Amino acid sequence: MSGGKYVDSEGHLYTVPIREQGNIYKPNNKAMAEEMNEKQVYDAHTKEIDLVNRDPKHLNDDVVKIDFEDVIAEPEGTHSFDGIWKASFTTFTVTKYWFYRLLSALFGIPMALIWGIYFAILSFLHIWAVVPCIKSFLIEIQCISRVYSIYVHTFCDPLFEAIGKIFSNIRINMQKEI
């Protein structure tokens with residue numbers, strides 16, 4: 001039973017006891033205190049970003065991973081000069097690299113702003129409109145489902161049970177005649 005330390009008005013140092021079983025206001029005080037010491041709280045707005053691996057969830061592995069060999073290929077028997085091939089490779093690679101950088105410099109921040117607004121609106125609508133509508137619908141449909149269930153058990157179950165008993169006695173004999 002130990003806890004945090006505090007100093008009273010006379011300057012005496014005291015420890016605040018933390019009970020093993022907790023109390024009605026803070027159950028499991030000791031366990032909670034130990035967890036808080038071990039865990040670091042991370043905020044989504046202040047987390048560090050990885051400048052080396054910019055696609056940690058591999059969203060674009062199959063989509064935009066386009067290299068020179070994926071676009072331009074010369075089959076056997078149809079080859080250009082080696083110098084032309086090397087220059088084409090360099091031109092393609094450098095152009096793609098710098099044009100992407102130019103486009104991301106010009107449109108990256110505005111597009112991030114637009115997508116941030118879009119996903120904020122989408123999250124807002126999902127939290128404050130879609131989920132409450134679905135919950136409301138599920139609550140309202142319960143009375144209909146009960147009436148429907150009574151109807152099925154009263155009329156449909158006996159009917160299909162009788163039909164099943166009728167057809168359960170049908171026997172088919174297959175004979176092969178020579």
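Even glycines carry a Cβ here, placed using N, Cα and C.
Taken from Swiss-Prot, the feature region 'Required for homooligomerization' covers 2-94. What Swiss-Prot lists as N-acetylserine is Ser2. The phosphoserine annotation in Swiss-Prot covers Ser2, Ser9 and is backed by similarity to another entry. The annotation topological domain 'Cytoplasmic' is assigned in Swiss-Prot to 2-104, 126-178. Annotation source Swiss-Prot lists ubiquitin cross-link at Lys5, Lys26, Lys30, Lys39, Lys47, Lys57, citing similarity to another entry. The N6-acetyllysine annotation in Swiss-Prot covers Lys5, and the record cites similarity to another entry as its basis. The annotation phosphotyrosine is assigned in Swiss-Prot to Tyr6, Tyr14, Tyr25. Residues or ranges marked as region 'Interaction with CAVIN3' by Swiss-Prot: 82-94. Summarising the annotation, Swiss-Prot assigns intramembrane segment to 105-125. Residues or ranges marked as region 'Interacts with SPRY1, SPRY2, SPRY3 and SPRY4' in Swiss-Prot (evidence: similarity to another entry): 131-142, 167-178. Look at Swiss-Prot and you will find 149-160 tagged as region 'Interacts with SPRY1, SPRY2, and SPRY4', backed by similarity to another entry.
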- Task: Round to a whole number and give the Cα-to-Cα distance in Å for the pair Lys47 (ubiquitin cross-link) and Lys57 (ubiquitin cross-link).
- Result: 16
- Mean per-residue pLDDT in the region 'Interaction with CAVIN3' (82-94) works out to 94
- Task: Report, as a single number, how many Cβ atoms besides its own are within 10 Å of the Cβ of Lys57 (ubiquitin cross-link).
- Result: 6
- Note on the structure: Here the 10 Å Cβ neighbour count for Lys47 (ubiquitin cross-link) comes out at 7
- Task: May I ask you to report the DSSP-based helix, strand or coil state of Lys57 (ubiquitin cross-link)?
- Result: coil
- Query: Taking DSSP three-state, what's Lys47 (ubiquitin cross-link) in: helix, strand or coil?
  - Reply: coil
